[in-house]
């Protein structure tokens, strides 16, 4: 294996690109889980975003419109989950899993006529002198706009949860829906809005795959990114700032294994390509080994159905 | 009384499918009055205050606040009109700070720094010191209640509703609370006080309205009535206090020695060096304010959690490492606090629930198969002996009312003729008649030579049935004291953790 053949600068630069889809999906899921809802359908919402974004971008020739459509598609699918779990009281875990399977199937159907087409480009954002900086310019400032949008969303979510009354109410609903209800907050409305936001973010993440990262449409192209996003939320112990760390860590592992393959590492390709998932499992085991700490940060009413009984 | 009442209720009615929770409820609260709302569980007190607080809308009747019609569609509107409520359960967020909890209960909270200053100021004014930056999950039950009270006080309420505020407090904390309430009354705030602790009501309240089965059955000045007269008004009949069989205690049957157990959850309480001895034919009462290790102690004694060797002995045999099933086999039975979900599986029938704990001792098993006929027979026996009101043993546990299910889960263990019975909160949320029955059944059991451990937060209950008393404080157990020697004041000190001084004075 020839490690010197790996261009570390380019590797670091592509890390941000590789991490953006899971970063978007993870920050969306963080908001959903902070509101006390466990939506395991991230994978399904991502792939719906990927196909919706791709179709609209191809038909209109505009990538930004594609992203808008992707967010709408993801949010729409998440509302199916919202109605089932919040109004019809279905089990969140089972419904989330079903949502993933449904999204994968529906996206394959919708995307049938779009296989083998190239997506319209989104173009790099010109940041002027910043882009020309040596080293840092290459790593940080020569990306497309969505990379920066994703970081802006994370910062906005962090500030929303920490400083605003809306964020406080959202956290309160996730901590104890009974108490929030007793104080007169509309638990179901707060949760539906959180679920829609999570769906929208997952959709954006999916569209980043089909419009920027790949950029074309293939069935099942999210390939487990939604599950990694779910793992990152736990890894980040439900803190927005740590979502960035987690996403870039996993993005980095993904990029590194690609580079190692290219460099001819003497490890079977299969082992390398399963490494991000393997590491996800290991990290989750390590984190949840300390049950007290893990339980400390998780929203207390995560995954519990709320039914106003009076 | 020529002045307009602060709150005037007339003809309020609320019906749910199958029950009329409130029917033609009429009474008035004057400004600056502490008004008691008395009644058994299920008498309709909660529904009534939920209507005043805007959580439930009445089917009929009118409410007037200060002479103007009052019909809050949601709690927000009630708060805006000057009605505040301190809840019995479920209204604090453990993972959030005191200031955040307070902000969530306000319409237009000031900036965090200003709010923190206001909390400190108001809490000191009313003698309820509180640090706004602490996490509520780390506070004691009494401090949590302060958070709720201060959340209400910051909005200058004209009417403060308090739903069983003293059930989680030590006697000393009750005194502090009453001083605060008297101060509020002097400032002109009216208080609607819900409780079934009659002595408290006699010392604090100016007027009382008594509900039974959703209807107002009496109005009185509680100071002019005795506690037993009030109790009779609530229940409708007179109650006999439970009688002990008076058997002399026998040999030591259960012994805990330096029993320690780490807590299983972040907000739980670890048990620290607990030692006690239980004799045959004796009732040992363990008191304590909620959250001081009661649930953990039950788990440790029942076998839900395993203990290190040498910490728990049954008739001289080390049983600490044995799981619950093995302890049941030798006659160490238990009934946890939570009826639905812990003591009984909600969606399973009474027959199935009976088999879950009684299968082995009642011979319902043969080569791995359950004899459902025997299980049904046993369930019917429990239903008959404990007067459980249910159509039959095939009914799901969740369909029973709290009191009936409690009689069933206690009866299920009592009917197995245990050597040792450990119960946690045996009469929590149970009406007075059922509670008296359950207490009597435990005394009868002790008279037959069973050792009974009763963990309870109801001090009156412990004084009534236990031979000896010990207090649980932050996971530590005080030395056991004969109940006859105790005064409420001494118990208060023991609950507060001052067992050594309490002992010296004894």
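Note that Cβ sites are derived from N, Cα and C of the backbone, with glycine treated the same way.
What TrEMBL lists as transmembrane segment is A:6-25, A:37-58, A:64-84, A:96-115, A:135-161, A:192-211, A:217-238, A:245-265, A:271-289.
Of the two recorded stretches, the transmembrane segment (A:6-25) does not lie close to the transmembrane segment (A:96-115), with fewer than three CB pairs under 8 Å once pairs fewer than 6 apart in sequence are set aside. Proximity of the transmembrane segment (A:135-161) to the transmembrane segment (A:96-115) is not established, fewer than 3 Cβ-Cβ distances being under 8 Å for residue pairs spaced 6 or more apart. With pairs at least 6 apart in sequence, the transmembrane segment (A:64-84) and the transmembrane segment (A:217-238) have fewer than 3 Cβ pairs within the 8 Å limit; the two do not touch. Residues 20-25, 27-29, 31-32, 34-35, 37, 39, 42, 45-54, 57, 63, 66-67, 69-79, 81-82, 86, 119-120, 122, 146, 149-150, 153, 170, 217, 221-222, 225-226, 229 of the same chain sit 6 or more residues outside the transmembrane segment (A:192-211) yet have a Cβ under 8 Å from a Cβ within it.
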